[in-house]
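Notes to accompany the following structure.
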Amino acid sequence: MARPGHSTAWLPLLVLLFAAGAAAQSGCLSATFTGGRTFLKCNQLPVLGASLHWTYHAGNGTADIAFRAPSGADGWVGWGINPSGSGMAGSNVFVASQSGGAVSVLTTILRTTAPTLDNTALSFDVPVPASAEYAGGAYTIYATVALPGNTTSQNTVWQAGPISGGRISPHPVSGQNLQSAQNLDFLSGTSTGGSNSRLHRRNLHGVLNGVGWGVLIPLGAMIARYLRVFESADPAWFYLHIACQISGYALGVAGWGLGLKLGSESKGLTYSTHRNIGIAIFCLATLQVFALFLRPDKKNKYRVYWNAYHHSVGYSVIVLAAVNIFKGLNILKPVTGWKTSYIVILATLAGVALVLEAITWAIVLRRRKRNQAHGGANGTGVQL
């Protein structure tokens, strides 16, 4: 357990986390649909956990689409195209909801930001009537649309909201509901208008913080606690501990700074708890870095107080980081692979820590017994 090869034990965890990132990008490609429906392209939309799947037919300028978004049975979801602008007003939309277990689709034109949802014909052709289904906690809307203006670049919108008294109620006017619009090219599959670029930065923010605060910092703490018990690991354990903590701090600060930038760009959209915990993590971790320069010698009478401070602040950072990563995942609402992978990482670290805890205590107790039998000191020089 004290072998240098263990310094690379964290590599599989990082590979697992980045694999989750790849799963998030390609997750919509693995979606399946009823009736044997298949679609050639898909786009994991940046907010509301939604995805759009389509097949574009260049011959007649139409697109078969499937829009899928999570919702409770007491909610509604909608998707549409705005032929005249980039916002909700003017959009031609399909809205799926259910009553008495029967799922239906309403088509309407949002002529204002507070429209009356009457079932009306859209301004573009819908060659195949729209349909919808509800399964697995998500609605899926199916439709074939003639792209307005016979152009592949379209301003698309999507939404989700509640049903009250059997009627479709307005969606929230905050958070992700204010970000659900993007320009999509149905031919190339590329999207712009605050979607891919911002989503990429949000994902990068999550990966940096997940790897930094959520993997490297706990791993460094485990190295300091368990490897130093082995005499052959001294002083290698200390340098490994410092390497993990400094690397984790650097990645975490980069992710924290990116989070502040994203927050400054989202006027009126504030995740107060997530932000405040992030600030607390940064402050505590920075104190830890500066505390290294004030570390007393092992024989100094104040060393015990420094150790108590160092351990309590360090473990506080680890706990707060785990809490905040889950809060971030709930905000980002990625495909399940992200959260599942992080849970696997935490469970792996916790399992390894439990095993090493038992092993190191057995070693420490055996040394104490041997030292006492030989008239040695009661301590072993190792603090757990």
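Each residue, glycine too, has its Cβ placed from N, Cα and C.
Features reported for this protein in TrEMBL:
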type	residues	note
BINDING	His205, His241, His274, His310	heme b binding site
DOMAIN	48-161	domain 'DOMON'
DOMAIN	167-365	domain 'Cytochrome b561'
SIGNAL	1-24	signal peptide
TRANSMEM	204-224	transmembrane segment
TRANSMEM	236-257	transmembrane segment
TRANSMEM	277-294	transmembrane segment
TRANSMEM	306-326	transmembrane segment
TRANSMEM	341-364	transmembrane segment
Who sits close to His274 (heme b binding site): which same-chain residues at least 6 apart have their Cβ under 8 Å from its Cβ?
Asn324, Lys327, Gly328, Ile331
Per residue, counting other C-beta atoms within 10 angstroms of the C-beta, which of the binding-site residues His205, His310 reaches the highest number?
His205
Maximum Cβ pairs under 8 Å to the transmembrane segment (306-326) among 204-224, 236-257, 341-364 is reached by 204-224
Same-chain residues six or more away whose CB lies under 8 A from the CB of His241 (heme b binding site)?
Gly220, Ala221, Ile223, Ala224
Three-state composition of the domain 'DOMON' (48-161), taking helix and strand from DSSP:
3 helix, 68 strand, 43 coil
For the transmembrane segment (236-257), give me same-chain residues lying six or more residues beyond its boundaries with a C-beta closer than 8 angstroms to one of its C-beta atoms, as numbers and ranges.
2, 4, 7, 10, 204-209, 211-213, 215-217, 219-221, 223-224, 227-228, 230, 278, 281-282, 285, 288-289, 292, 321
